[in-house]
Every structure is written in C-alpha cells, then in structure tokens.
Amino acid sequence: MALEPDQASIDSITLFVALLSSCIVIGHLLEKNRWFNESITALAIGLCTGIVILFTTEGRSSRILVFDEELFFIYLLPPIIFNAGFQVKKKQFFRNFAMIILFGAVGTLISFVIVSIGTMQLFKKLDIGFLDIGDYLALGTIFSATDSVCTLQVLNQDETPLLYSVVFGEGVVNDATSIVLFNAIQKFDLSHITPGIFMKFMGNFLYLFITSTLLGVGVGLISAYIIKKLYMGRHSTDREVALMILMAYLSYMMAELFSLSSILTVFFCGIVMSHYTWHNVTESSRITTKHAFATLSFISEIFIFLYVGMDALDIEKWNVVSKSPGTSVGVSSILLGLVLVGRAASVFPLSFISNLFKRTERDKFTLKQQVTIWWAGLMRGSVSVALAYNQFTRSGHTQLRGNAIMITSTITVVLFSTVVFGLLTKPLIRLLLPSKNLSNTASSDSLDPFPPKPMADLPLIANGQIADDEAGNNIPRPISLEEGNDNIPRPTSLRMLLATPANTVHYFWRKFDDSVMRPMFGGRGFAPVIPGSPLEPLLH
C-alpha cells in the first residue's frame with residue numbers, strides 16, 4: 001500500500017500558506033497606513049498565531065514549523081538578495097559605490113568591534129552561563145547585520161537617489177559582510193588571538209569578498225553568453241525564463257559549494273544578469289522574469305517575518321529562561337544599547353569622513369540625512385535570527401541556559417527594533433525629509449525623468465549611442481557628443497580622473513563595455529538581430 005503523507009506536515013503547510021495569504025491581504029489594506037508596513041504586519045500575525053497555538057496545545061508549542069537555518073539560507077534568502085541586485089538602479093549604485101562600501105563594510109566592522117567588546121565586558125557582570133571568545137565575536141556579527149526594509153519602503157528612490165542608493169546598497173553589503181565575518185569566525189580558533197591569526201583572519205575575509213564577487217559576475221556573464229548565442233526565445237520563452245532562474249540559483253549554490261559568500265555572489269550575479277542577460281531574451285520573457293523574481297522575493301520576506309513572529313513564543317526556550325527573567329531582560333537591554341551605540345559610532349564618523357572628500361555642499365550628507373542612515377540600520381531582522389540559531393542551537397532546539405538566553409534575547413531585540421523602530425520610521429522620515437524638501441536633498445535630481453545634465457557628467461555619454469538615464473536604465477542617444485563636437489579639446493585622462501574620479505571611471509567603463517563586453521555578451525543595443533528576437537521590429 002502506498003504510504004499516506006504525514007498529516008501533521010500537511011496541516012502545518014496548509015496553515016502557513018493561509019497565513020501568508022492573509023499577510024498579503026492585510027498588508028494591502030494597511031498599505032497607506034502611516035505606521036504599519038508589511039514586515040510589522042507579518043510579525044503581528046505570527047505573534048497572534050503563536051498565541052492561538054499555545055492555547056490550543058495547552059502550552060506545549062507555539063509554532064507549526066521548526067526553524068531551520070538551512071531552510072533560510074538555501075531557499076528563502078537567495079531570491080531576496082538576487083532580486084535586490086536584479087532591480088538595483090546600477091548607475092546610482094556604482095556612482096555611490098565608495099560610500100556604500102564605506103558604510104556597508106567598514107561601518108559593519110566598526111559595529112562588530114563595539115558589540116563584541118561591549119558584550120565581553122558587560123556580560124561578565126551577569127550570570128548567563130559559559131560563553132567563549134567565539135560566542136562573543138559571533139554576537140558581534142549577529143547584531144551588526146541590519147534590516148533596512150522599513151526605511152526603504154518610506155524613501156523614494158526618484159526623489160532621494162543618493163540617500164536611497166546608500167541605504168539600499170549598505171543593507172546588502174552589510175548582510176554579506178556580517179555573514180562573511182561569521183563564517184570566518186567559525187573557521188579559526190580565536191581562543192588565543194595572535195598577530196598571525198589576525199592577519200590570516202583578515203586575509204580570509206578579503207579572499208571571500210573578492211572571489212565571491214568574481215564568481216557572481218562570472219555566472220552572470222555565462223548566462224548572458226549562452227542565451228545570446230542560442231537565443232532560445234525564438235522557439236520557447238519558457239526555456240530562457242527557466243534558464244535565467246536556474247542560473248541565478250546556481251550562482252548561489254556554487255558559492256555555498258566553495259564555501260564563499262553566497263550573498264555577494266548572487267547579488268552581483270543579479271546585477272550582471274540585469275545588465276546583459278535580461279536584454280538578450282524576448283519581450284515577454286523580460287516581463288515574466290522581472291515579476292517572477294520580485295514575487296519570489298516578496299513571498300520569502302513575508303515567510304521569514306511570519307515565522308519569526310511565531311517562533312518568538314517558542315515555549316522550550318522561554319522555559320529555560322523563565323528561571324532568571326532579570327538576566328534575560330538585562331542581556332536584551334545591553335544588546336539593544338550596543339546596537340544603538342555601534343550604529344552611531346559607524347555612521348556619524350564615516351559621514352564626516354565622506355563629506356571631507358565632497359567638493360560641493362549638495363553632495364554632502366546633512367545631519368538629517370545622517371540621522372536617516374543611522375535609523376535605517378537600527379532594525380535587526382531575519383539574518384540576525386538565522387545566525388543566532390546557527391551559533392546557539394542544535395537541530396532547532398536549545399537546552400543550555402546561556403544559549404537559550406542568547407536566542408531569546410536575539411528574538412527580543414529583533415521584535416523590539418522591527419516593531420517599535422519600524423512603527424516610528426514613517427513619521428521620523430517625514431519629519432526629517434518632508435516631501436516639499438525631498439527634491440533638494442543631496443545629489444537629488446529633478447523629478448523630470450530626463451533632467452538637464454551638468455557639464456561634469458557629459459563624459460558619461462560621450463562615447464556611444466546608448467547611455468544610462470537617472471534611473472539606471474539604458475536609453476538611446478541618437479547623436480553622441482564626440483560625433484557632433486569633434487573639435488572640442490578633451491582633457492587628459494589624468495586630469496579627468498583627478499577632477500571627477502567617479503565620472504571618469506564610468507566613462508572608461510562605458511567605452512570598454514561598448515567595445516568589448518556588449519558585443520560578446522549582448523545587452524541593450526548589442527543583442528543579435530535574429531528572426532523572432534527583440535530587435536526584429538527595428539528592422540522595419
């Protein structure tokens with residue numbers, strides 16, 4: 001006889017899918033609410049569901065699925081990070097790349113050091129059980145991983161392109177840096193730190209960063225080349241859509257296979273695929289892939305917050321902690337305070353350093369914008385929870401008192417920061433950046449989709465008929481500047497680099513991209529004209 005499926009699993013999955021659907025419906029109804037967003041809605045529904053399950057099971061359990069960090073890292077995180085890279089406005093991202101790395105990587109390291117040292121010193125005064133040096137350093141990475149979703153839902157990337165780009169890019173680089181640090185800590189015996197071990201640690205950190213990025217770029221270019229050469233869309237759009245989705249997931253799994261940073265790999269794979277691969281498929285496939293990636297990311301985010309809400313009431317952990325509630329409250333308070341201090345110690349000094357290298361006042365971060373960046377990084381989310389489970393649990397269960405306190409404190413900080421700070425995000429952003437002044441923020445462009453370009457930006461479109469608009473999308477230019485102004489003297493490359501380094505790098509990258517990369521890997525304006533291809537109508 002055929003074995004019947006586990007009825008308990010079917011019940012759990014059915015309930016979870018129903019809850020996901022209710023989150024979407026309620027989130028839509030609360031979309032214009034001043035205080036709520038979808039993350040808070042999912043957390044609230046998860047908490048309410050956990051309370052109901054507690055009562056129905058007479059206090060035995062509050063969850064319908066056991067948290068598994070592998071489920072999070074292998075299935076839920078990849079679509080979120082890939083979609084972030086796929087949808088990113090590339091021009092703004094790379095124009096502000098130095099600032100993004102400054103806040104996302106250097107800022108995360110500063111926060112990591114403060115949280116690690118702070119917990120080492122302050123936890124000694126509390127009776128929380130045994131924690132070794134690796135646990136304290138792991139706490140530094142766990143509480144350095146930010147979740148800027150709430151702030152990004154409020155900021156308008158067309159009205160505040162610089163601010164949105166920095167907050168968005170910093171969030172991705174921050175998560176990648178935290179996970180790379182966490183993985184590096186697991187590989188080294190840090191009980192006796194020597195200069196040699198420290199140098200190996202930093203070398204491993206840089207190795208993971210560089211190789212992960214190169215792997216993502218490589219897989220993205222391979223997908224572009226295959227689809228450009230074979231052009232499957234003339235026979236079946238399903239094949240090219242399937243290939244794009246599978247190649248994106250392949251980049252993530254290859255990084256996991258080689259023990260690299262899968263977040264960085266899949267993020268840069270998304271950027272490369274949106275720049276080359278996406279333009280090599282048919283128009284219907286473009287629409288399909290764009291919405292498919294966004295939908296998968298959306299569902300994964302809701303799934304994560306919904307589960308965190310339910311797991312917050314897990315009776316097993318709270319039974320262990322209930323014997324010393326004061327200690328648990330103290331640990332949570334210390335961690336929350338260190339998060340505030342660590343974030344401030346990274347954002348404000350780095351903003352000051354960044355402003356020193358800005359030539360004009362409009363390019364500098366104002367105090368209100370610095371507060372916005374600081375606030376965006378105060379919330380902790382699913383990455384922190386997943387790393388905490390990885391460090392302090394075994395197979396989803398927690399028996400040791402110290403580990404149970406760390407798990408419950410992490411969940412407490414995540415819930416408090418997401419709900420309290422999240423509820424205050426919209427009013428605070430509207431107070432700091434009122435709508436009537438949004439267009440005057442740093443490096444903010446006019447709301448006109450094609451605003452006049454300053455003279456410093458002219459080299460960006462001086463070579464070729466295709467250039468990026470302010471949204472980061474490619475738009476046709478019928479006549480290049482070089483074609484119409486051959487007699488205009490050009491400054492030397494060195495003078496251009498010293499005067500406008502970001503614009504100059506972009507200028508030479510555009511020349512290389514147009515002459516080498518796009519003819520080989522495709523992209524807008526360089527896809528082959530094949531019967532049935534997106535460029536076929538242009539022949540007529």
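Numbering starts at 1 and runs along the chain as it is shown here.
The backbone N, Cα and C atoms fix where each Cβ goes, glycine too.
Some features that TrEMBL has for this protein:
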| type | residues | note |
| --- | --- | --- |
| TRANSMEM | 12-30 | transmembrane segment |
| DOMAIN | 25-429 | domain 'Cation/H+ exchanger transmembrane' |
| TRANSMEM | 42-59 | transmembrane segment |
| TRANSMEM | 71-88 | transmembrane segment |
| TRANSMEM | 100-123 | transmembrane segment |
| TRANSMEM | 162-185 | transmembrane segment |
| TRANSMEM | 205-227 | transmembrane segment |
| TRANSMEM | 247-272 | transmembrane segment |
| TRANSMEM | 292-310 | transmembrane segment |
| TRANSMEM | 330-352 | transmembrane segment |
| TRANSMEM | 404-424 | transmembrane segment |
For the transmembrane segment (162-185), distant same-chain residues with Cβ under 8 A (at least six beyond the ends): 81, 84-85, 88-89, 92-93, 95-97, 99-101, 103-105, 107-109, 112, 134, 137-138, 140-142, 144-149, 151-152, 155-156, 201, 204-205, 208-209, 212, 259, 261, 263-264, 267, 363, 369, 372-373, 376-377, 383, 387, 390-391, 433, 441-444
Positions whose Cβ lies under 8 angstroms from the transmembrane segment (100-123), at least six residues beyond its ends: 93, 131, 133, 136-137, 139-141, 143-144, 165-166, 169-174, 176-178, 181, 209, 331, 334-335, 338-339, 341-343, 345-347, 350, 353-354, 373, 377
Considering the transmembrane segment (42-59), which listed stretch of 71-88, 205-227, 292-310, 330-352, 404-424 counts the most C-beta pairs under 8 Å: 292-310
Closest-packing stretch to the transmembrane segment (330-352), where packing means Cβ pairs under 8 Å, from 205-227, 247-272, 292-310, 404-424: 404-424
Recorded stretches the transmembrane segment (205-227) and the transmembrane segment (247-272) touching, at least 3 CB pairs under 8 Å: yes
